[in-house]
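Take a look at the structure set out below.
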Amino acid sequence: MTSLDSAHPLAAGLTAASRLVRSYQGEHQEVTPVWFMRQAGRSLPEYRELRVGMRMLDACLDPAMASEITLQPVRRHGVDAGIFFSDIVVPLKLAGVAVEIQPGKGPVFERPVRTLDDVKRLEETDPASMDDATFAPIAEAVRLTTAELGETPLIGFAGAPFTLAAYLVEGGPSKDHIRARTLMHADPEAWSRLMAWTADISGAFLRAQVLAGASAAQLFDSWAGSLSLADYTEHVAPASARALSHVRDLTYAVPVAPPHVPLQASVRQDGEPAVRNVPLVHFGVGTGDLLKAMHEVGADAVGVDYRTPLDEASRRLGHVVPVQGNVDPAMLAAPWEVLAPHVETVLRRGLDAPAHVLNLGHGVPPETDPAVLTRVVELVHGWRP
Ligand code: CP3
């Protein structure tokens, strides 16, 4: 176990009692916390203005800009968390992989990884050599952000090994990730080495964010829904567990509640302080069949996409796992009279789990009217069962 620095927002008592952190730790909150995947980004005019003439990955590695973009949706919507503005391919770029993010398309790689020799070329960068200096722009952006966020937690994130491998092997976005799934079976050695390498790269990226001040961490396995449960369990889950193991050891002593926050079970009452781990969330798209396996790799909470109702997801998780989700992003463009009851249904179904963090079932579509997101936050914060 490794204790976070005493100045870390969790250890210093700033965020440990927040609705978000308590929910991820399984404590039901009277007011359901809410944030949105891709809340920072093109739906916000202030984001589009800031990004003019700046490439995506350059923006991610500019600490002042990454911090400002992270803060924009928190200020505007009053959400319960910031999600660090970065991208799942940032640690690959820091490892020396030639990658760009093309607007409207996504990550594109100069050289796809298709053979064992290609994997060996990646391995020339030893993930263990990626140190504080490598991640300096990330850590600096996190520090700037948490200094502004105060009692609002920052969520760090990374891409899960399969989703990263799906991009690396294909060389860019793909529909069914066919080449990656072929490699998994055709060359198990190349596959397992590729998965181990990406796990360590993503794990190091995640750890840098948490050590610098993130109060929770989410692993995105966006494309895991293309896998059968058998393939996921055998060829992917061990690598995802390995990625999470880079942050699984991080703990903090539960601090005394700030004076204006009522005492809860998560807050020290007397005697020795309880020790807790930094909460970890695991999310994928189309992963209804994988939810239990995704929890078992070492996550505290599971993100659910819009296809599986939350009560059903909770049932599959044995009713003991906090869930996050799962408003259908398509509903954001529907009239309020359609959207509001949908959000209320999601909130009601979320009661089936020990705790619920409201989110979308995938990212905010770029054309979303940001006023609608603010209104959803108000609805969620005002809702009582
Ligand atoms: O608000 C947030 O959620 C924080 C930041 C964030 C980004 N990417 C910023 C971004 C997060 C958490 C990601 C993760 C990410 N990146 C995932 C996993 C989550 C998911 O959506 O499933 C994936 C698959 C990627 C890869 C990626 N990067 C894609 C598919 C795209 C979209 C390409 C496009 O233009 O439509 C990106 C680019 C990207 N990452 C943007 C943002 C805000 C858009 C770039 C821009 O605004 O120019």
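Note: Cβ is positioned from N, Cα and C throughout, glycine not excepted.
The domain 'Uroporphyrinogen decarboxylase (URO-D)' annotation in TrEMBL covers 33-42, 155-171. Among the features that TrEMBL reports, substrate binding site is placed at Arg38, Gln39, Ala40, Gly41, Arg42, Asp87, Tyr167, Ser222, His362. According to TrEMBL, the feature site 'Transition state stabilizer' maps to Asp87.
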Residue among binding-site residues Arg38, Arg42, Tyr167, His362 with Cα closest to the Cα of Asp87 (site 'Transition state stabilizer'): Arg38
Model confidence over the domain 'Uroporphyrinogen decarboxylase (URO-D)' (155-171) (mean pLDDT, whole number): 98
Residue distribution over DSSP helix, strand and coil in the domain 'Uroporphyrinogen decarboxylase (URO-D)' (155-171): 10 helix, 5 strand, 2 coil
Greatest C-beta neighbour count within 10 angstroms, which of the binding-site residues Arg38, Arg42, His362: His362
Among Ala40, Arg42, Asp87, Tyr167, the recorded positions whose C-beta sits under 6 Å from ligand 1: Ala40, Arg42, Asp87
Mapped DSSP class for Asp87 (site 'Transition state stabilizer'), helix or strand or coil: coil
Spatial neighbours, same chain, of Tyr167 (substrate binding site) - Cβ under 8 Å, 6+ residues apart: Val89, Gly106, Pro107, Phe109, Pro173
DSSP helix/strand/coil residue counts for the domain 'Uroporphyrinogen decarboxylase (URO-D)' (33-42): 0 helix, 1 strand, 9 coil
Where His362 (substrate binding site) sits in the secondary structure, as DSSP reduces it to three classes: coil
